[in-house]
Amino acid sequence: MFPGRMTLSPPGPPGGPPEELQELAFIERPIRRSLKTAEEIDQLTVDEDLNDVERAVYLLSVGQEVQRASVISNLPSLVRQNPAETFRRVVPKVREVLNGAGAEIQLAAATSFLTILQDDIILIHTHTYSILKTVLLHLNHRDTVVSSAWLETLLSAINALPKETIKQEVLNPLLYQSQLSHSLQARLAACRILGKASCKFDSLIVKKELLPLARSLSRDTESEVRVCMCRQLESMARAIGVDDTRTELLPELLELAGDEESRVRLAAFDSIISLMEMMDGDDRLHLLVPLVMSACDVSSQVDEGIMVSLSFQFGKLCSGLAGSLSEEQKRLLLQKFQVLCITGLQTEENQMDVGESTLIRCNCCYNLPAMVAFVDPAHFLCDIHPSLSGLCSDPEVSVRRSVAASFHQVVKLLESNVHVVHKELLLLLQDSALEVLDALMNHLDETLEVVLSRGDNLILDNKLPELLSALLSAEQKVGSSLRWRLHEKLLHRYSCLSRLLPGELLHQTFSARIFIILTTNKVLPVQKEAARTFCTFLRYNRKQEQRQEMMERLIQDLAQGRSYWNRLRFLDVCEIATEIFSRKYFNKHFLIPALELVHDPVANVRYKLCQLLPRLRSSLRLPADKLLLQKLDFCVQKFLCREKDKDVVAMIRKTVLELDKLDLSEPFHKRHEWDLLDQKKEKEEMLLLEMEQLERQQSDGKLNSDKHAERKRRDSKTSLSSAKSMSVSSSTGSSSSGKETRKAKLSRSRSLSSQPTSSKPVNSDRPLKVKDLSGSSGLGKSTRDDSVRTAHFTLTTQSTSSMPVLIRSKTTSLLDQASLLEQREHRTSTLDHRTGNRDQRNHMMEHRTSSLEEREHRTSTLDHRDHRTSTLGQRSKTMERGSGMKDSQSRKLSMNRKSNSLQSE
């Protein structure tokens, strides 16, 4: 009848219903509503009137195994509540349950007793003795896991037991367990008990009673027993002292170091290195150095285990043996360390396991600081730096993570030579694996403090942009990942840059990026850490303009932002700012924008503000902050009167109670500590302001000094040019005068040779020349010098044999007059210079007086204007008075007229 519907359902398979129908049938099966039957529920039900101890005894007696295990696991809490009743009634029941119990109950009992012993819950030794009896009964359990758990409990009980109890109950049975007839498990337990018990007794008892037993176990036929005993010899050596260790234990350890089993040799090697601090110089030189040198020669070819141990102990060996090694031995150790750093990276025929080789390189990273201290700083580049560079670029992430974890120690040891590892620091910061960055961030502040403060300034200036770029790229890489905890750690470490970088550079590179994270990141812990870092940058910035710009961004983008999320972040910033800034700075910049959020339309913002009000109130002090306190009270009143959201109303009521209790709940010493801390912060802020002013003054002084130096340079150039011109003119004048004197000499000599000399012409010419000299005082210096020289030469050439003395006297007098003229000229030039300075000063005084006159003129003009205004006011008043008198007169006239008119009527 319905052929269309028949075609919609395909025919089923011939073998049965389809799989979909089978699944539906499985779903429609009846589900068991209870996992326990009524009888089982009755068995598990306990009377509610029983106390804890009675309930534990009841369940241990008739309960199921699950209930017994629960009671045994809860045994430490019972001991804390009622130790006497627990040890009297519950612990004996536990001992009964343990006989023949399964591994689960055995492990629960061992763990509970171990917790009781480690937490020092019990105070009397009788309780410890009862636990010891239980432990010793199950120490040799057939299950190795259970026996190991009971052994740990026994070792912990040894610390709490007295010496006599240990000697009687533990050490006496130990003599029989150490024999070869006992099981391997018993002998291993004896080794560990010997090592633990040796710390409880004095050296004489250990030497006489315990050391022979240790020797027999160290020569056991089983290598596992020898390894275990070898690892316990260190604690025994510390118990017997240095002298007995040299004579009793060191020969035993050296014998074990040559054992046929590699595990025994490795254990002996580790024990000897651990005892290195107890050896003197001779023992180190004759016992330890040959052992280490042989390990360095053989370990790479024979024992991989010893190579791993050697790589882990290498730094300790080098630092401990530095005074006992020769230069050749030091060189061999350095070569061995270089080989260990590249283990597994070279293609060799006998390559070790990848995990072993990676572990060796990680151990080398761990020992890098010790090797840097071991090497001479002058040889760091050739001995250690290639290995460090190779480890920083290792293909394995675990190796790079290990070198990043120890990089800060390497940097501290390099000190002023830190620039040589600049490339490696960039490699680690730019690493693609976030695990490497995580390890580097743990101590990045210490690394940057050394790099940015101790490096060579010239080299640092060239490499600083690369470092800042690497830091920014590392932050972007971490920020784009899902590792928000790493991002939070990175921002926390970057806050140290406020102390290490100049404010201008920090403001240009990091402040903007941190603010972007604060406003765009969606993870709340990252936002809060970004807010803390931004506030730190703001506090330590010494530029007033930059601080103002950062505060304006906080107010505009957060406090007055369009998104309520940003306004919530501003309140988080205020909460952090109360911890970083002083009260004075916080009240000046943060408090009022925070209180203005009382008008916010979003209830979440108002709710957050209500939570923050007690912290804001604690930042106010009377009477200085009276106006701010009034604004805060107005904010609270507005919340109480106009708030409609029920959550905000409940919070403001709670906040009001906290505000009322705020002054009473804080003790005086706590407030005093906060006041001292706030004073310290305020002093630091004032110091930063003073440093800013000092830097400005220095910059202004530098500019003035540069201008003064430029002016001096120009003046010196002009003086040099004038001096050159004067020297050229004087040289030309002197050359011309020299030529004239030569010509005069020639003419005089000719005239003297041709004519006889007479005294009259000489006497007649002499006064004329003196007059000429005296009349030439107003001329320049060069002209005077030339005239003096010419006069002197003419006088000498014209001298005769009859008057030699007169001519000499005239010549000396002329020279004296010339020197006097020169002195007068110098004085006049000095006076001219002084008068020039006085004229300049007078000009400046005139300029100042003129400016003062202008000011006086302005003030007089203003006074004149005031006088005019007062005169106009007086005139207006008189006019008003006159108008008032006229009005009164007109009123009187009108009234008289009215009265006259009325009388006439």
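Glycine is no exception: its Cβ is also placed from the backbone N, Cα and C atoms.
Heads up, TrEMBL stuff is auto-annotated, nobody curated it.
A Cβ distance under 8 Å defines the sequence-distant neighbours of the repeat 'HEAT' (210-248), meaning residues of its chain 6+ beyond its ends; these are 171, 174-175, 178, 180, 184, 187-188, 190-192, 194-199, 201, 203, 256, 259, 261, 263-264, 267-268, 270-271, 274-275, 278-279, 283. Taken from TrEMBL, the feature repeat 'HEAT' covers 210-248 (among others).
Averaged over the repeat 'HEAT' (249-287), the predicted model reaches a pLDDT of 85. Taken from TrEMBL, the feature repeat 'HEAT' covers 249-287 (among others).
Beyond the repeat 'HEAT' (384-418), the same-chain residues lying 6 or more positions past its ends with a Cβ under 8 Å from any Cβ of the stretch are 337-338, 341-342, 345, 358, 361-362, 364-366, 368-369, 371-373, 375, 377, 424-425, 427-428, 431, 433, 435-440, 442-444, 446-447, 450-451, 454-456. For 384-418 (among others), the entry in TrEMBL reads repeat 'HEAT'.
Annotated compositional bias 'Basic and acidic residues' per TrEMBL: 694-717 (among others), in sequence order.
Under the heading region 'Disordered', TrEMBL lists 694-786 (among others).
Taken from TrEMBL, the feature compositional bias 'Low complexity' applies to 718-738 (among others).
For 749-761 (among others), the entry in TrEMBL reads compositional bias 'Low complexity'.
Residues or ranges marked as compositional bias 'Basic and acidic residues' in TrEMBL: 826-869 (among others).
The region 'Disordered' annotation in TrEMBL covers 826-905 (among others).
The feature compositional bias 'Basic and acidic residues' is assigned by TrEMBL to 877-890 (among others).
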Subject >> Tally of residues which DSSP labels helix, strand or coil - the repeat 'HEAT' (210-248) >> reply: 34 helix, 0 strand, 5 coil
